[in-house]
Amino acid sequence: NCSLPVFKAPVRRVAIFGGTHGNELSGVFLVKHWQENGDEIQRTGLEVRPFITNPRAVKKCTRYIDCDLNRVFDPDNLGRQITEDIPYEVRRAQEINHVFGPKNSNDAYDIIFDLHNTTSNMGGTLILENSRNNFTIQMFHYIKNALAPECCPVFLIEHPNLKYATTRSIAKHPVGVEVGPQPQGVLRADILDKMRKIIKHGLDFVHIFNKGTEFPPCTIEIYKIMEKVDYPRNKNGEITAVIHPSLQDQDWQPLNNGEPIFLTIDGETINYEGDCTVYPTFVNEAAYYEKKQAFVKTVKVKLTAKGIRSSLS
């Protein structure tokens, strides 16, 4: 009978990461608060650990010291010999993997919520790494319903050629929380509140699941990554056009063939060429200039999760 729920062990260990990027301040602020006073994040029978992942970058209020911590949780970096000249973030990744992992092992933490800010107008976005993870999809369904009518887009970063190797990927159920728009090095009350609510509902879901509540099969609409789009550049690799005003702040809005995406310094409009409607996100993200990324193209897809229930109930 395909309608029978999938039984899963209760969740025991949850981490909340802030400061993976040291200038994304909502997560830093919340995690530091919860380290001092964690009442808000405690749930019966659950160990919830708030943790600053990149303390040196947080101290300097910069994205990273040597390299992007959120891209080095791959087998090569996690297994690298520690030498004098190893990047700080690679050494830090190994320490984090030791405490909260090891990645892909039974000992890894059940859930890691990794808190991020974006300069893009993405609202409170949930980032999904695996389209077949019933538990995470059920959690996202719960969070979306709890936040309704406020929008809570789900961004699926699963892709055959684009590998992220995120900090949270060491957990059995990685959860990316991406809230914007907020400038780097700035705290906004509205953005902070959105992030705080997402975490509250996520922890509530885990608590309800652990009590033995059955969650029936569910379907959510998600945005699946297709490709990253770079700015137009000259032969020296310098940017020759900016995001067009009609695309700016239009994250998650439909973009069709022939609609403007870039504007050159001479006032020439460059239009989108594509045979299907896409939904841009991370539009004009400050941190992605160095990654040669003006926006990310996504398509809308529906994902269905099987029913789930805690096995110890």
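Our numbering is plain: 1 for the first residue shown, then up by one each step along the chain.
Cβ atoms are placed via backbone N, Cα and C, with glycine included.
Over in TrEMBL, the protein carries these features:
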DOMAIN    11-205  domain 'Succinylglutamate desuccinylase/Aspartoacylase catalytic'
BINDING   HIS21, GLU24, HIS116  Zn(2+) binding site
BINDING   ARG63, GLU178, TYR288  N-acetyl-L-aspartate binding site
BINDING   ASN70, ARG71, TYR164, ALA165, THR166, THR167, ARG168  substrate binding site
ACT_SITE  GLU178  active site, proton donor/acceptor
DOMAIN    219-298  domain 'AstE/AspA barrel-sandwich hybrid'
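Overlay of TrEMBL annotations on the structure.
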residue: HIS21; record: Zn(2+) binding site; contacts (Cβ under 8 Å, 6+ apart): ASN54, ALA57, ARG63, TYR64, ASP68, LEU69, ASN70, HIS116, ASN117, ALA287
residue: GLU24; record: Zn(2+) binding site; contacts (Cβ under 8 Å, 6+ apart): ARG63, LEU115, HIS116, ASN117, GLN182, GLN184
residue: ARG71; record: substrate binding site; contacts (Cβ under 8 Å, 6+ apart): TYR164, ALA165, THR166
residue: GLU178; record: N-acetyl-L-aspartate binding site; contacts (Cβ under 8 Å, 6+ apart): HIS116, ASN117, THR118, MET122, GLY124, THR125, LEU126, ILE127, PHE155
residue: TYR288; record: N-acetyl-L-aspartate binding site; contacts (Cβ under 8 Å, 6+ apart): PHE282, ALA294
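Sequence-distant contacts (6 or more apart, same chain, Cβ under 8 Å) of THR167 (substrate binding site) comprise PHE17, THR20, THR53, LEU69, ASN70, PHE73, ALA93, ILE96, ILE112, ASP114. Packing around ASN70 (substrate binding site) is summarised by its Cβ count: 25 other Cβ atoms lie within 10 angstroms of its Cβ, all protein chains included. Other residues of the same chain near the substrate site, with their Cβ within 8 Å of the Cβ centroid of ASN70, ARG71, TYR164, ALA165, THR166, THR167, ARG168, are THR20, LEU69, VAL72, PHE73, ASP114, SER169. Long-range neighbours of ARG168 (substrate binding site) (same chain, six or more residues apart, CB within less than 8 Å of its CB): PHE17, ILE112, PHE113, ASP114, GLU129, PRO174, VAL175, GLY176. Highest Cβ count within 10 Å among the binding-site residues ARG63, HIS116: HIS116. Our reading of the substrate binding annotation (ASN70, ARG71, TYR164, ALA165, THR166, THR167, ARG168) yields a largest Cα to Cα distance of 10 angstrom.
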